[in-house]
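Here's what TrEMBL has on this protein:
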type: BINDING; residues: C345, C405, C408; note: [4Fe-4S] cluster binding site
Amino acid sequence: MSQPRTLFDKVWDRHVVTPETEATPGVLYIDLHLVHEVTSPQAFTEIEARGLKVRRPDRTFATLDHSTPTLPAGPDGRKPYVTAEAEAQVHRLEANCAAHGIELAGWGSGDRGVVHVMGPELGLTQPGMTVVCGDSHTATHGAFGALAFGIGTSEVGHVLATQCLLQRKSKAMRVTVTGQLTPGVSGKDVALAVIAELGFGGGTGFVIEYAGEAVRSLDMEGRMTLCNMSIEAGARAGMIAPDATAIDWLRGRKHVPADYEAAAAEWLALATDAGAVFDKEVVIDGAAIRPMATWGTTPDAGSPIGSKVPEPKSDSDRKALAYMGFEAGETTTTQAVDVVFIGSCTNGRLPDLRAAAEVLRGRKVKAGVRMLVVPGSEAVRRDAEAEGLHHVFTEAGAEWRIPGCSMCIAMNGDFVAPGQLAVSTSNRNFEGRQGKGARTILASPATAAASAVAGVLTDPRVYLEEAASLKQSSAARETVGSYNA
Ligand SMILES: CC(C)[C@H](C(=O)O)[C@@H](O)C(=O)O
Ligand code: SF4
């Protein structure tokens, strides 16, 4: 009987070209290389300077997301790029892809989207694969049981040239979220609760496998949200064993294997064997997780909405509170919110938009609050519009935009003004992340929508309960009506 192995071990073992030694890292084969405009220009320059070609253009896929405007072209047909550099960056990637035979989901493509939204949607991301991208949120793809992680620009060059990467194997951590999540608690709340538990650097050196009933109960979008934020605890990657939910989600997508059922059977066998040993185990009570929001300037500085801001334990805590304008011992639910952002590779997918729309339907964004809803991809935009979600947003007073990273990183002209307070469904609340001097509270789509309505950070269950009791009373009315008829 061979040694029991983890999901991570199994994916790793399938891709080792040369094992690591004490002196040298191993060589790992990469199945899928995703590329965007920000971290690829120098990598292409580098391989071209050395006279190298892209080794596997057929395993390399590119998109435009970070620097792309989310407003349509003006009457002159020009896209409203924030700077000439942003536009040049986009044109560089277009030229590089054309020169090297790489498929680009560019302007005009119905496939374009934020790289970590697009990959899974197209079925490029598959269980058991190694997936890399010059982007720290590549861990998102681990939701399918892929080993997916971000790489630096020089490594982007290595992968372009060789389809391989020098790697040392990380340690393995299992985070088990037990029990059932309660209504109004989403994948984002689980992610924020896990990161709060692990701490900002708590995942450093590890690949995390998320397990347990609460994780299993998440849909694929919720699992992607959870894996997406693994890097915010410092982890190299986050993974979830592929199951029926993953297999059903991928079935029929553009790039999945022709013999899908055979592939699916193989994917199911990737699950961690009973008795496999992890370097670290963390268990979290899923039933106890409440809607979460951050109060500080790192994603681990989060707590259930309505709880008191903790006493600072360090200078960096003091600095974070000063920057955010929050006081220890107070709650963060009284300060007026200026901006609400729904989108990003963390929470820019269809169920995220549905969750926000559920809160907003028939309500208005509070006067003085600016709300931006940016679908994560063209596919999300199409699906959302087919359901009329865009009308829910615009009727409530929010702006409905063209897909891209947008206000998550504020590279494209969408930003939070200095000093303004934003509730954002993205993944980073660092100083200045959403614009110079911008203050960010990270939360779920339902929380963001509830906060837009109330004008202060708000637990979405207030509105969800209201909706549920309305539904109940209208059902009661209908029953009474049918008796009367
Ligand atoms: C621009 C890119 C390098 C960056 C990343 O690596 O994650 C961005 O996507 C982010 O979210 O901060
Ligand atoms: S949406 Fe935000 S986190 Fe995701 S890739 Fe874009 S900038 Fe990075």
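Yeah, the Cβs are placed from backbone N, Cα and C, and that goes for glycine too.
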Using a 10 Å radius on the Cβ of C408 ([4Fe-4S] cluster binding site), the other Cβ atoms enclosed count 30
Here the 10 Å Cβ neighbour count for C405 ([4Fe-4S] cluster binding site) comes out at 28
Note on [4Fe-4S] cluster: the CB centroid of C345, C405, C408 has further same-chain residues inside 8 Å, namely D65, H66, V114, H137, G343, S344, T346, G348, G376, G404, S406, I409, S426, N427
Note: in the chain of C345 ([4Fe-4S] cluster binding site), residues six or more apart in sequence with C-beta under 8 angstroms of its C-beta are V114, V115, H116, V117, H137, T140, N228, G376, C405, C408, N427
